[in-house]
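The active site feature in TrEMBL is assigned to 435. Positions annotated as ATP binding site by TrEMBL: 212, 213, 214, 215, 216, 217, 218, 219. If you look up TrEMBL, you'll see 434, 438, 510 marked as Zn(2+) binding site. The annotation compositional bias 'Low complexity' is assigned in TrEMBL to 683-696, 779-805. The compositional bias 'Gly residues' annotation in TrEMBL covers 737-746. The compositional bias 'Basic and acidic residues' feature in TrEMBL is assigned to 818-840. Summarising the annotation, TrEMBL assigns transmembrane segment to 12-28, 119-140.
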């Protein structure tokens, strides 16, 4: 327990006071030297004249005697004794003492003590028990308030201010969320260097909302901001505002922002803000909702009549859809940052962060592990590394091997292996055919990824599983891909029907998944030609129960019947396709089952060898109904990556720092939206566009009039080969302006057969080349410059013929059409793949 909290506990002080009282009572007790004896024995000593001194204490009702000759008591000689007497016996004892004094001739000395309590003593007698009861009541009320040891301070904020002693998390500890880090880094930079932004009239966002699935690192990002902000940082949970007392939530919001104003500039982080920021409504009880009052106060504090300069509110939630619209508007949460599951590059970075400091074997490949963990969040990846370390320690190993990482992935996905379960041979054979049916059906489909691993080992709640691992991260799925997943889901049940002539209960999860996919295709994605591109079944649940109280049908019974028919048609079509695949390759299925029963787990290389004779099935076109709308026969354009692969060139192109350094040409100063400034390139040197002096150029003089019709978008491209003045790369913040217009689709290269004669402007065109970025042309001759390319790049906004435009930026001013991860790995594949792998 924390020492400070222990010292603030009132019970500890009560016990300490009682111990001190008993200690002082024992030390200063005057009766310690006296031995208690029976009253009759004491009276006998008085009558026998063996008493030198006697003290009668009326209040305590005891008699103390000092004997002339000691007596034996319990084997010891004692000379000082005392005895207790009742109230009625006090008179008799007093008379006996008087008689003994008279008989002894004055040798006996006795005194009478009448104890009287002082006013202070009387007050303490009443106040100490009352104080104990009061302290006990206060302690109980503190416990009812959820701790904190703040008696009667119900309206005080429970926000914790982070101090320097706490372990710091920085942006270097965050991986896989580069965009979110960039946005939050800007806030940190504004707090530390406000003059840079204020000179441009910029205002920092008042609020930042981090939203995304659980485990993606929203709270980690907030901790990183706290570690690097350099300003006071307050953290509080959304559930800390509202408690059992009415008005506590609004009072705590006021107190929190009052503290923040006193320490401005500062940052407030509210975790799980959906606990207090849900949409306002009638509520389940029908009466006044304390949470609404808290939300109203929060809205006022964030952007009300009183300004709050220098206070930035950062909030995190998993459910942005249920937050009140007034909370999300600009002025309160100006910036909403999605924190989604990482892509392959992000997963690799996260795995490297969590594996730092752990002993990894030589065969532990983080890149391959990142490809096998598609869809996992940062928390899942951290769990994978931790499970691998635990498995290694359980086996008394010293380094984490690739097999341990593989097993940890399976544990995170399916749960621990049930090694002690005894399975009969018949059930094992049924499971092998079931999982083999999944694998074979997926392998024959042209639109889904092949199976990565196949096993019949029971794990978690499953008897086996066939694991699909996409080669690339996907955000979109075509109708063919979804139908392929339906075929994959129905492959297990189909194998049972084909081989054993009846299904089993093991396919219940597959049927549920297939039904969910088919219903989504019909009701959400508009992939049914019969029902059209219409969304059916809007969510109209109560926001106080997460909008999931139920789906109220917004369509007729006839439409509901059609939806059921379309869903059944999709599943039956997939069922039939799976039957055709398994029936065609029944021998391959038997061979797969034999090897699966022998090894229990098969990897991708084993499946490639067994399925070598399996051919890809043609696309299922039964649902490709467009009515009178006929699809175009013209193929889509090819991306720069596809063209580079056809030419055998590496993609992505090498970075400028990777190219060999050569003597740089004389830099040319440029102006935004204009051509070269005075003092340009001398004759005979390469122009920024890449043409040599003297080469065919209808306008070699930078100060000559523009060509007939003018420059596209009304401005001469400036500087670099792509017209941006920076070699196609974005300008640094605060430098330069965007050049020319941004309209038109991006240029993906010249089509085959392109010649200068086909150019509408009559200018000769160079063959297509990849947009290799070059360093910016600026007035800094002392800095080394990279050599310019000899080819002429199309200028921004320049017409290229055949309906294509080329404009500024690395990919025509837009984001790259594909994201690369390693040599030859692309997010989007070639649509003209000869194997039929059409990956969106």
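For all residues, glycine too, the Cβ spot is worked out from N, Cα and C.
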On a C-alpha basis, identify the one among 434, 435, 438, 510 that is nearest to residue 214 (ATP binding site); the candidates are the recorded positions.
510
When you rank 434, 435, 438, 510 by Cα distance to residue 213 (ATP binding site), which of the recorded positions ends up on top as the closest?
510
If you count other Cβ atoms within 10 Å of each one's Cβ, which of the binding-site residues 212, 213, 217 has the most?
217
Express the distance between the Cα positions of residue 217 (ATP binding site) and residue 438 (Zn(2+) binding site) as a whole number of Å.
34
Can you count the other CB atoms that lie within 10 A of the CB of residue 434 (Zn(2+) binding site)?
27
Out of 214, 215, which of these binding-site residues shows the lowest number of other CB atoms within 10 Å of its CB?
214
Let me check the 10 A CB neighbour count of residue 219 (ATP binding site). How many other CB atoms are there?
17
Counting only residues 6+ away in sequence within the same chain, which have a CB under 8 Å from the CB of residue 510 (Zn(2+) binding site)?
438, 489, 490, 492, 493
Can you tell me the CA-to-CA distance separating residue 219 (ATP binding site) and residue 435 (active site), as a whole number of Å?
40
Do you know offhand how many angstrom separate residue 218 (ATP binding site) and residue 434 (Zn(2+) binding site) by C-alpha?
40
Same-chain residues six or more away whose CB lies under 8 A from the CB of residue 216 (ATP binding site)?
177, 339, 340, 341, 342, 377, 378, 379
